[in-house]
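Asks: Marked as transmembrane segment by TrEMBL: B:22-44, B:276-297, B:329-352, B:372-397, B:441-465, B:659-677, B:704-730, B:750-768. What TrEMBL lists as domain 'ABC3 transporter permease C-terminal' is B:660-778.
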Amino acid sequence: MAVSASYEATARAGDAPLPDAVPETAPGPGAPPPELVVRGLRKTYEAETAPVRALRGVDLTVGHGEFVALMGPSGSGKSTLLHLLAGLDRADEGSVTLAGVRTEELGAARLARLRRRHVGLVFQFFHLIDHMSALENVALAALVAGAKPAEATERARDLLDTLGLLEKQGERPAALSGGQRQRVAIARALANRPTLLLADEPTGALDSDGAAEVLDLFTRLHRDGQTILMVTHSADVAGGAQRIVRIRDGVLLDADTSGEPS
Amino acid sequence: MGDAFGAIRAVARAELRVGWRATLLMALVFGLVAGIVLGGIGLAGRTATAYPRLVDAVHLDDARALVAADQPQLAAAVPSLPAVAQARTDEAWIAQLDGPALRFVSIGAPTTEHEALVDPVIIDGRAPARDAPDEIIVSEPLAQSSGLGVGATVTLGMLTLDQVSRFDVGFGPPAGPTTTVRVVGIARMPSWGGALANVQAGPAFAAKFLPDIVGYSIYVRFTPDADAAQRFGAAFARTAAVVDQISPSVVSQYLPHSVELPSATVDPSVRAAEQVLVGGLILFVVVLALGGLQVLGQSMLRHHSARGGTQGVESALGMRASERTAARALAAVGAAVVAGIVAGGVALASGWLEPLGSQARFEPTPGFRPVWALVVLGGIGTAVVFLLVVAAAAAIAGRRRAAVVPPVRAAAINPFRRWPAAVLGMRLAIHGRVGRGGVPAVATVVAASLAMAGVVAAVAFGASLQRLVDTPARYGQAADLTIVDAREPDVARLVADPRVAALDVGAAGSAELADGDAVEVASRDVRKGHMPIAVAGGRMPAAPDEVAVGPRLASRLGVDVGDTLEVRRVHGGTVVLRIVGKAVLTSQNQGGIGDGVVVTPDVMRAITPGQPLYDAAVLAVPGTADALFAELSQGLEVFQREVPTAVGNLADLVTLPELLALVLAVVAGAGLVHALLTSGRRHAREVAVLSVLGATPGQVRATLAVMAATTVLPALVIGVPLGLGAARVLWWQLATATGVAGDLAVPGRLLVVIVPAVLAGALLLSLAPAARAARTPPAVALATG
């Protein structure tokens, strides 16, 4: 996969001060602003044979406290969209407004700080650090965000306890089941109390029990007010979400009329 | 099996199509490294065996006797003494060489044919023709010190026996015949001097000048009895005593009959130098071999790990692990052959390399001398090792993809540090191998520590060697000029000469310790200024009960400053001398550096029988030594400062430690660069995870910097003291064997620079993976990592 030139260019740019929040969709009176607003997002990858147009102008709004499932077949651009939303890659065109901040205008350091403050990420293959214990994996996220060691460890322990993994806190990822690993990854994603939880096929590498476990957890989190955007290709998994947005060939098929809190 | 082989071939073809360039490149690099390793082994072998091969080539005698010409009956009796299996008698002359300086040489020539016994190797030119009285060969040392080459002509003025007997009082110009001869060859022997003349002529010369001989050199081969040397020595002493009673020699003082045992008197400094050289080469070879294997293993592991998914597909299609590995080995056969050919070729080319350092002086067959077994077997071995590494890497890569990782309970959770970059960086460095196809972190640390130790040891050893070679006083040659048999009028004239900064009159003789051991004794009578004699510890003797011992003698006797030495008096009884220092003096007699003892002149007279040999050591005012030498050598036997053979041997090594340090530094540096760069690549996923968690580019850079520092710090902490320790042991061993001071010259400035330099280098190197991480979107790194 070719490295995005726009990512490199922006990553090199200086860390300008965080711009003023520019809400793209005016919330109703008294309602909190949407967590995420995406407008005209386009992304093309340079491939060996021909450019791959992964996203062809995506508009999406995710309201505060919403649980949205982004569903589409393989290659539809859903993971690309998720990576752009999280600032893990840069779009060619369009804008992403996260917690009221337009991310395309941020330098790498500012973007990193915005991500640590507002975004929690969960991946299909967990991406835990192999030689760290479950507790250390979770605490690392808090430490990166500047938490004191004792505070980070305490927060990690609380999260693992909440997710039923306290007794596994000293185990390395290799010693955990798939479902347990994903729960550790979710705990890590929640370590900094993000306003938006992004999940990329979180049940893709799990058996049915593990998948149910994770979906149940997501439902509980949503119930507690967590905003979640989950990417999946499975209708069953998407069924657990409050709203489903379909994507195909880099274009959203459903009208993006929501974004309001439920 | 046929089907399986078909699948293996198909996979091998596919592997070859995709990865032939990388495999071939690795084969070329590995072949080159293996070739250098093989060449190093060959060179180490050639260096280590140079001396014994020369001993064989020259048919070295077991004993040689020197007998004055006025005792022919003793010379005639030697071949018949007990334990003599074979003997050869040469006639011997002493002649003055024509030239600006007074110089005497010994000449040996046989009158009869002899079987293979003492045949110096001709390294340039040829042997004298049997019927040519005007052809000679000269020893390498004489050729070098006198500037004589093949084709040179020299005039020899021979001394009579009567003149030799008046060596101490002067004898005027040579009274024997004068002849002009041509140098037709340069000869090599394990050692020269004593009964073995530095100039060798043929039978025609011997016949022509037979009436003018001053002695006989008799070379003896013993019967294969264990006590042959003792029996021969005893018989010679008995016979000599009888002959001395019947017809004492007029030159007994300056040409005393004597027996030497050449094969038993190998200079320890030669052996020590050989050990240092071979040890250094072996270290070099080991480091290079380990480095080569590490780089090859890591590269191949990464190569196969990168396409580990392919093995998963093959596994799903029913290929067993052994078949998948065999397919990859099969694909690498061509590259392995290339590696073998390159390695063999480099090993063949290394046949041009002469033995290292001073050992080159003992090579009996200079020039191209390949070790064919090493070339052929080494080439085959290289190919096999290459294939084995490829197969092992493929097997490991395949197993990692398929294996279920057993549950491992993490170690007790360490309290997190305040700085997450520190904890993660250290973890990444320490857990270098986890799931990423690298070598264990401990292997990197051990290899880097050894390499660092090698560099520091080589540099410290080289600094000590350089200091020795640059400081003549450290090898007992403080004086610019030495006047042999100095007489008082000459001494008085020199003391008055303003060009003379310091002058000592030295006396040399021998004494017996209380247990009967003979030791060289010297005394210094200070006549002018201060002669900077090297004192390795303590001070020079100043009182009648004090003595300074040479470092080599101190080591042999097991004594040190503060101990006592009991020496026999000439007229009975013993004197107990207190050791007040270790002085490095080069004996005027046959002893080596640091072999004798130094006492005050009074004690000297009390413990040395007979007339001692006197010399005047002159330290000239800077810039006047050459003019003073030219003037004095007109009428006196004067020697300019000469580098003793032992130190000359060491001087030849001076560039070697530096070369070794450079090569080790390059190899270690390359290995470290490779380790740091690849570790960054191997940990790209973890770095990406860090970014996902919100780590800023600065935090990522810090993490990679900590990882680099954690990789090199142990090498510095372990390697530097280890290297200094190794250098201290090596230098002490060499210095003691040579007879010079054993204190190590610690390269302080280098050590001050090397630690921050290596750390800074590692931190700079960490910028490369950091820049790569900054360029690569975390999404890409996570997808490909």
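For all residues, glycine too, the Cβ spot is worked out from N, Cα and C.
TrEMBL labels come from automatic prediction, so no person has curated them.
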Asks: May I ask you to check whether the transmembrane segment (B:750-768) and the transmembrane segment (B:276-297) make contact, with contact taken as at least three Cβ pairs under 8 Å and only pairs 6 or more apart in sequence counted?
Replies: no
Asks: Can you tell me which parts of the same chain pack against the transmembrane segment (B:372-397), counting only residues 6+ beyond its ends and a CB-CB cutoff under 8 A?
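Replies: Non-local partners: 23, 27, 30-31, 34-35, 38, 41-42, 45, 293, 296-297, 300-301, 303-305, 308, 311, 321, 324-326, 328-329, 332-333, 335-337, 339-345, 347-348, 437.
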Asks: Please determine whether the transmembrane segment (B:659-677) and the transmembrane segment (B:22-44) are in contact (criterion: at least three Cβ-Cβ distances under 8 Å, sequence separation 6 or more).
Replies: no
Asks: Among B:22-44, B:276-297, B:441-465, B:704-730, point out the range having the most Cβ pairs under 8 angstroms from the transmembrane segment (B:329-352).
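Replies: So the stretch in question is B:22-44.
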Asks: Is it possible to list how many residues within the domain 'ABC3 transporter permease C-terminal' (B:660-778) are helical, extended or coil according to DSSP?
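Replies: Here the numbers are 102 helix, 0 strand, 17 coil.
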Asks: Does the transmembrane segment (B:22-44) come close to the transmembrane segment (B:441-465), meaning at least 3 CB pairs under 8 Å for residues 6 or more apart?
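Replies: Contact between the transmembrane segment (B:441-465) and the transmembrane segment (B:22-44): absent.
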